[in-house]
Amino acid sequence: MTISRKDCVALDAADPLRDFRDEFVLPEGTIYLVGNSLGAPPKAASAALTRVVEDEWAGRLVGGWNAAGWFDLPETTGDRIAPLIGAGPGQVVVGDTTSIAVVKAVSAALRLRPGRRVIVSDLANFPTDRYMVQGLVKALGGYEIRDVNGTDGLDEALGRGSGDDVACVLLSEVDYRTGDRHDTAEVTARVQAAGALMIWDLCHSAGAYQVDVAPADFAIGCTYKYLNGGPGAPAFVYVHPRHQNATEHLLSGWHGHAAPFAFEPDYRPAEGIRRFTVSTPHVLSFAALNASLDIWERVDLAVLRAKSTALTSLFIDLVEELCAPYGLTLVTSRDPERRGSQVCFAHPDGYPVMRALIDRGVHGDFRAPDVLRFGFAPLYIRFADVYDAAVTLAEVLEKEHWREERYQQRLTVT
Ligand SMILES: *Cc1c(COP(=O)(O)O)cnc(C)c1O
């Protein structure tokens, strides 16, 4: 074999990020390769929630909105996420969910390009990103969606129709199903050269590596995947400073009003990034997210990326070596530059294979029709975990454990 388990243990001992694992709660005997779906809880999350409930909520009651800074959480938390995605202060706001963030970004982009009636959307986009745009188009009337397949056909989509008709393009930096990563600078330049606005979905980027959002017009993303903010943690929206006061989004809620406590009968947008908030922030969810951001403040993102590519490359090498005879096909790019922090393999019986693997302590997930997904959160996944996961996968395939009847039935959440 290319590498032994002992070599992996040695890599872990030399890993500059090794101590971060102790800051997370991870069940004994589980290799958790689903941090790209729901990040593991920071140990500090529980105390942070208790502190907000007992000190701030019980201690100050409604006074917490001022005294505990609840009202400003969307902006103060946004400023903490900003460095992780290459943004500056006052450029990111946190709240709602990614689906809602899609509506905010796309509706704001459309207002900046009056006369252009086309939204370019990727068939590979996460379904909710597509559904929300479809709903928006239905509600607004007069707009049209032009589908592309990744960046294939993007130039054609941008140049087609009656000349300059594309208002904005919505793509995910990392494809949730394949793990492939776009060259965002190149794609953004192409889109903007056509006079359209670029919106990036960073759900599978933020916390996986240093994102460079700066050239984009808008970006959105969630905080419960690699950022470990907890189930249902709020989403973020980045708006380039040149657009912030030049447009409005569809969801004109009172927290985005210029004077929310003037209780005026008519909407007037706040100046700056605040206008991209909608309504009352989920204060308890922010508490857990901020406990995680306390960790992120201490992470060197260049070191994180180096470990991430080492983990994903090792997993590809080991699986290809150990599982060669069993019909797995690598879905993710072999070029580390062109992937996020996840590796996917296709297998015709992917669903029962994943169920059998989970039963043996290796947690990945399955995405229809045939994709086995493995996410590698570099803060808490070790090289030895990668080794053990590959060996267990080979065992499941070799011994055909996955053929057992109990693995065939689909559960609601895959
Ligand atoms: C996880 C994910 C979402 C989830 O959207 P919610 O509104 O938080 O349910 C949306 N888009 C992408 C690309 C995702 O990866």
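Each residue, glycine too, has its Cβ placed from N, Cα and C.
Please treat TrEMBL annotations as automatic predictions, because they have not gone through curation.
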From TYR224, TYR326, the one annotated by TrEMBL with THR98, SER99, PHE126, PRO127, THR128, ASP129, ASP201, HIS204, TRP254, THR280 for pyridoxal 5'-phosphate:
TYR224
Taking DSSP three-state, what's ASP201 (pyridoxal 5'-phosphate binding site) in: helix, strand or coil?
strand
Which of THR98, THR280, all binding-site residues, has a Cβ with the fewest other Cβ atoms inside 10 Å:
THR280
Could you check the binding-site residues PHE126, TYR224 and say which one's CB has the most other CB atoms within 10 Å?
TYR224
Within 10 Å of the Cβ of ASP201 (pyridoxal 5'-phosphate binding site), how many other Cβ atoms can you find? Include all protein chains, please.
26
Specify the secondary structure state of THR98 (pyridoxal 5'-phosphate binding site) as given by DSSP, simplified to three classes.
helix
Return only the integer: C-alpha distance in Å from ASP201 (pyridoxal 5'-phosphate binding site) to LYS225 (N6-(pyridoxal phosphate)lysine).
13
